[in-house]
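Residues annotated as signal peptide in TrEMBL: A:1-18. The transmembrane segment annotation in TrEMBL covers A:116-137, A:175-195, A:201-220, A:232-254, A:260-285, A:297-324.
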Amino acid sequence: MKKLFILLFSFLTITASAEAPVEGGEFKPGDMITHHIADDYNWHFADGVTLYLPVILIDNGTPKVFSSSNFYDENHELVPYEGYMVSHGHIYRADANGQPAADQSSLIDISITKNVASLFLSVALLFAVFFTIAGSYKKNNGKAPRGIQSFFEPIIIFIRDEIAKANIGPKYERYMPYLLTVFFFIWFNNLLGLMPGGANLTGNIAVTLVLATLTLLITVFSGNKNYWKHIFATPGVPVWLAPIMIPVELIGIITKPFSLMVRLFANITAGHIIILSLFSLIFIFQSIAVGPLSVAFATFMNFLELFVALLQAYIFTLLSAMYFGGAVEEHDHVGDHGHGDGAHH
Amino acid sequence: MELVTPGIGLIFWQTVTFIIVLFLLSKFAWKPIMNALHERETSIENALSAAEKAKLEMQGLKAENEKLLAEARMERDKILKEASDAGNALVETARQKANEEGSRMIAQARESIENEKRAAITEVKNMAAALSVDIAERILRKELSNPQAQQELAKDYINEVTLN
């Protein structure tokens, strides 16, 4: 554990150099920040420490795999390679003049980008941590938890008791694997994103889109009779209102996970932008005097982001659980129809 | 706009990876962890309820002991009371008997005294009679030494007898 902290702090010392403008010339904070929070075909840890990641393209059904280092010349300038080129963070078919060609159809880019690499890293971490813990449970079966097991056990129990049981009810057990996975996936990736040089994975809309879609699919497929009845024949609402109510309820199905997607994306990205902006102040003012202030604020923001990392994972999990709970809820009381049903919107 | 446009590549990798992670973690991490937690909670709950039961049993035992003790105490008091009653009764009977015996003895004594008295009186009477007769004989012997007196007496007797 101590070693981990030392490693973490040694990374922190690199932060300053990582945040510095590398391209030379005039410093553009907007470009720097966008560059840091956006995806990339290589992983730039620090000056001179760049990991070129594999590019995977499916061009008209033909897979093409090559290193992204081919897109850079010795001066670190972008160059076309084998008829493809990178422009504004995307790969396009290049024409003879080195410009994106007019025909970009059926070119699918599934490269291992910085975010995908970070995703794999987080998955390796998740497996390492939770397979170890599962092993500990087998080893000290029935005994008190120890080590890393005792750190995660309260969290797992919290998710089970306070999130799943409290919001889903008796059928909570079916949703536990998803809730636990989504919680730890988001939390781990939020933290990895805070690491200097880390990718902004949970602050990428594609990732949050997939997570929110999974929540949506699970909600829709576990919806019981009451859930659908609530949408197509809301109890207590006159029939003539149905043309308004049904579309509203249908939109509601989509807006719930949509809010999940945007919330996680916006919170994490905003955190990154704030920290990077604070560091940019040093270079905007070109003064060492701003440094301590900037660092103080950025440190404070970093701590805040550590909290936000946990909070957003919690909120995503909690809201998912509430949506599942709404889908499997049973209305035992006949008299309950028509009043008190609007509470869980 | 770039920021809020999801990339196909990342969607693909995220979906594939997340589903694999979900599957593997569910099978090899969450399932054993949840089972172990559940097992441990059940065993703790059982242990607690067993302890509670034992406590209740102990309380029951204690109450029973107290009841037994109280019963024993009551029994002892009863026995003591009975013994004391019996003793009292015995003393009472003895006293009564003694009284009776005393009274009887007194009565007997009185009776014998009475008898003695009566015998003594009788003897005194007899003696007095004998003495009287003796005196009378001596007087008569002296009186009847002259014949006139004898006649007079005979005359008296005859007078008395003829009336019958």
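Each residue, glycine too, has its Cβ placed from N, Cα and C.
The largest share of C-beta pairs under 8 angstroms with the transmembrane segment (A:201-220) comes from A:260-285, of the ranges A:116-137, A:175-195, A:232-254, A:260-285, A:297-324. When Cβ-Cβ distances below 8 Å are used as the criterion, the transmembrane segment (A:175-195) is approached by residues 8, 11, 118-119, 121-122, 125-126, 129-130, 155-156, 159-160, 163-164, 168, 201-203, 207, 211, 214-215, 218, 222, 264, 268, 271-272, 302, 305-306, 308-310, 312-314, 316-317, 320-321, 324 of the same chain, each at least six residues removed from its ends. Tallying C-beta pairs under 8 angstroms between the transmembrane segment (A:260-285) and each of A:116-137, A:232-254, A:297-324 places A:297-324 first.
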